[in-house]
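Now, the feature entries from TrEMBL:
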DOMAIN    90-246  domain 'GAIN-B'
DOMAIN    251-497  domain 'G-protein coupled receptors family 2 profile 2'
REGION    523-547  region 'Disordered'
SIGNAL    1-26  signal peptide
TRANSMEM  253-274  transmembrane segment
TRANSMEM  286-304  transmembrane segment
TRANSMEM  310-334  transmembrane segment
TRANSMEM  360-379  transmembrane segment
TRANSMEM  399-425  transmembrane segment
TRANSMEM  445-467  transmembrane segment
TRANSMEM  473-496  transmembrane segment
Amino acid sequence: MQGSSLPPGLCFLLCFFGAVTPKIKASCANCPPNASCVNNSHCTCNSGYVSGSGQKLFTFPLETCNLQKIVDTFESLLTNQTLWRTEGRQEISSTATTILWDVESKVLETALKAPEQKVQKIQNSSVGPSAVAFISYSSLGNIINATFFEETDEKERVFLNSQVVSAAIGPKRNVSLSKSVTLTFQHVKTNHSIKKVFCVYWETTKQGGLWSRDGCFLIHVNKSHTMCNCSHLSSFAVLMALTSQEEDPVLTIITYVGLSLSLLCLLVAALTFLLCKAIQNTSTSLHLQLSICLFLAHLLFLVGIDQTESKVLCAIIAGALHYLYLAAFTWMLLEGLHLFLTARNLTVVNYSSINRLMKWIMFPVGYGVPAVIVAISAASRPHLYGTANRCWLHLDQGFIWGFLGPVCAIFSVNLVLFILVFWILKRKLSSLNSEVSTIQNTRMLAFKATAQLFILGCTWCLGFLQVGPAARVMAYLFTIINSLQGFFIFLVYCLLSQQVQKQYQKWFREIVKSKSESEAYTLSSKMGPDSKPSEGDVFPGQVKRKY
């Protein structure tokens, strides 16, 4: 505690039930606070104190001396589970208020009766002997928890994230301070994404007591500690709130329906790229790898994003999603690079140089670069994979930029490639003759370049724009477009491709023909080999004559 204006007097630091106190120097170097040395060989607790082990003489350096009467009374109340389970809210708050008041009074009373402890008392002729007590309760917060805090929104999940700490001055109580006091609390839990922090004190009311913020203000908070400033002394604690963002059921339906449709389209597209020999080339290989990565990422998202029960499993799922989505974006980058090289070499018939280059780099880059990024992220901060609500990357310590950084870089590069492609296409179109096939190929390349930028990059820009009054609209646009990426890929690279359309028609005719032959075989099987034809049956090559 810093910055307090306390009257000269006794400084008493109580060490029991988890209280954290600095070690006070005694006559023997190994004796704990509130103990003295006997015959320069053993330690014994001072009057009014009892050792934690119950021994009168001890030599163990980590032994503690606690206030016997207070410890016994407080322990009996705290361990009385029947009392806390059967009492109502008002009775619990009243009992807790009584405990806090009695403990502070007993501590100050015991401290003032120990004039021989020079460390604990500084005599002042004008004020008289005084005492300052600091008490930390390690388990009282489980009883007077955040349910006794009413100054919050119902949508916020509030929890107590520090020990309850009391500060009191004696012999007078509730002394008004000329300067406020600063208290630093250590967090009990550090793995939550905190939205709000409240510095509170236990206020006595007619109903018993409750947590209040009056006169207490937040100064600073980080992952492990919170600093509060209060204008009075009392029992203090830190409450923290996790703003529970209610899921929009419409967005949830759109996500699941869109991703299910996207999975179906990606599966059909991947089978098309794999089985349709007429379109198999370097470009098709890029489409195939992109479809596989997006298919696996969407599938894992649907079945694993909410599996937060097991921290290890959730971390594995988060790491796998990190890798799969980064791999998808890397293949998107290779798609853009291939488009640029194809446009630049549009007059080349066989594109042999482009194919050789892409075959050399696409697999090491497409799967190797994401693996390196995820490996570095996992090695540096493995505990930031998986959050309390989702199996995804934490926002703490900028860890999310292990995903957003590469995504922004890929989008920027794709945008530059897109501009260059259109600039090249413009030049090619102006110099082309009336050859129909070349014009059609160039226009189709321009269309694919436009669709490429929209599918691979612009959808994620909507995710970055989910702020301010338009956040809800952007959220809907992002969810709809991003969940339908598989459908867009199937539409652009399959349904709008003449070669794929011809292949689909060929497959459809083969399926119909196979079905017809199967039906004919089934009919002949039913007739059997020994069946005799009737008079009306006509065999191939036989002409039925009418007499």
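Placement of Cβ uses the backbone N, Cα and C atoms for every residue, glycine included.
TrEMBL labels come from automatic prediction, so no person has curated them.
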Output the single range from 360-379, 399-425, 473-496 maximising the number of Cβ pairs under 8 Å to the transmembrane segment (253-274). 473-496
If contact means at least 3 Cβ pairs within less than 8 Å, sequence distance 6 or more, would you call the transmembrane segment (399-425) and the transmembrane segment (310-334) in contact? yes
Which stretch from 286-304, 310-334, 360-379 shares the most C-beta pairs under 8 Å with the transmembrane segment (473-496)? 286-304
